[in-house]
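Below you'll find the structure, written out as structure tokens, and then a few comments.
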Amino acid sequence: MGSEENNSTSFPPTEPKLCDNGCGFFGSPSNMNLCSKCYRSLRAEEDQTAVAKAAVKNSLKLPSCSIIAPGQKHPLEIKPAHLETVVVTAEPSSVPVAAEQDEAEPSRPVRPNNRCFSCNKKVGVMGFKCKCGSTFCGSHRYPEKHECSFDFKEVGRDAIAKANPLVKADKVQRI
């Protein structure tokens with residue numbers, strides 16, 4: 001009996017509507033009658049186009065401090081009516097990026113950051129990151145132990161030179 005009274009006072013259930021994109025899932029009025037997946041992809045597209053428009057707008061801003069002679073046209077004059085929005089997506093290139101990095105620094109082979117560079121021991125979170133860019137275990141963390149290529153002395157000299165500039169006094173005039 002209680003359930004009969006409850007059904008008569010509650011609102012009648014509405015039938016769920018299918019997604020407006022026709023993917024077969026049920027849509028929600030809060031998501032513009034789209035399913036969660038279609039709504040997420042729609043929002044991602046909107047965000048991407050907004051970012052692209054902002055990037056185009058920022059790239060087309062003219063420098064405010066340029067000096068142009070009277071009667072001379074600006075070389076970068078662009079009419080906004082002819083602009084089109086172009087969405088650029090990153091595509092994988094045919095040239096591997098790791099090969100370009102190896103050419104720049106051939107002295108050190110590439111190793112994962114969770115292993116010691118000297119003994120190849122797993123260090124996990126407890127690894128010590130050196131200023132030379134490698135990760136080391138507890139026994140190889142000191143520069144003397146792993147033959148560090150970073151020049152600490154030169155960095156120290158530069159820091160002292162920047163902190164203490166050379167002060168020259170004026171010549172003393174003799175009486």
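Each residue, glycine too, has its Cβ placed from N, Cα and C.
Here Swiss-Prot flags 13-47, 110-156 as zinc finger. Sequence annotations record features per position, and here Swiss-Prot assigns Zn(2+) 1 binding site to C19, C23, C35, C38 based on sequence analysis. Residues annotated as Zn(2+) 2 binding site in Swiss-Prot, with sequence analysis given as evidence: C116, C119, C137, H140. Positions annotated as Zn(2+) 3 binding site by Swiss-Prot: C130, C132, H146, C148.
Using CA atoms as reference points, the binding-site residues C19, C23, C130, C148 were checked against C116 (Zn(2+) 2 binding site), and the closest is C130. Of all Cβ atoms in the shown protein chains, 20 besides its own fall within 10 Å of the Cβ of C19 (Zn(2+) 1 binding site).
Summarised by DSSP class, the composition of the zinc finger (110-156) is 8 helix, 6 strand, 33 coil. For the zinc finger (110-156), the model gives a mean pLDDT of 85. Put simply, C132 (Zn(2+) 3 binding site) is 50 Å from C35 (Zn(2+) 1 binding site) when counted between their Cα atoms.
The Cβ centroid of C116, C119, C137, H140 marks the Zn(2+) 2 site; residues of that chain outside this set whose Cβ lies within 8 Å of it are R115, F117, S118, N120, K121, V123, F136, G138, S139, R141, H146, given in sequence order.
Neighbours of H140 (Zn(2+) 2 binding site) among the binding-site residues C19, C23, C38, C132, defined as a Cα within 10 Å of its Cα, are absent: none qualifies.
The CA atom of C130 (Zn(2+) 3 binding site) is located 46 Å away from the CA atom of C38 (Zn(2+) 1 binding site). Apart from C130, C132, H146, C148, the Zn(2+) 3 site neighbourhood in this chain, defined by C-beta within 8 angstroms of the site C-beta centre, holds F117, K131, G133, S134, F136, P143, E147, S149, F150. C19 (Zn(2+) 1 binding site) sits 55 Å from C137 (Zn(2+) 2 binding site), taking the C-alpha atoms as the reference points. The local packing around C38 (Zn(2+) 1 binding site), expressed as other Cβ atoms within 10 Å of its Cβ over all shown chains, amounts to 19. Cβ neighbours within 10 Å of H146 (Zn(2+) 3 binding site), excluding its own Cβ and spanning all shown chains: 20.
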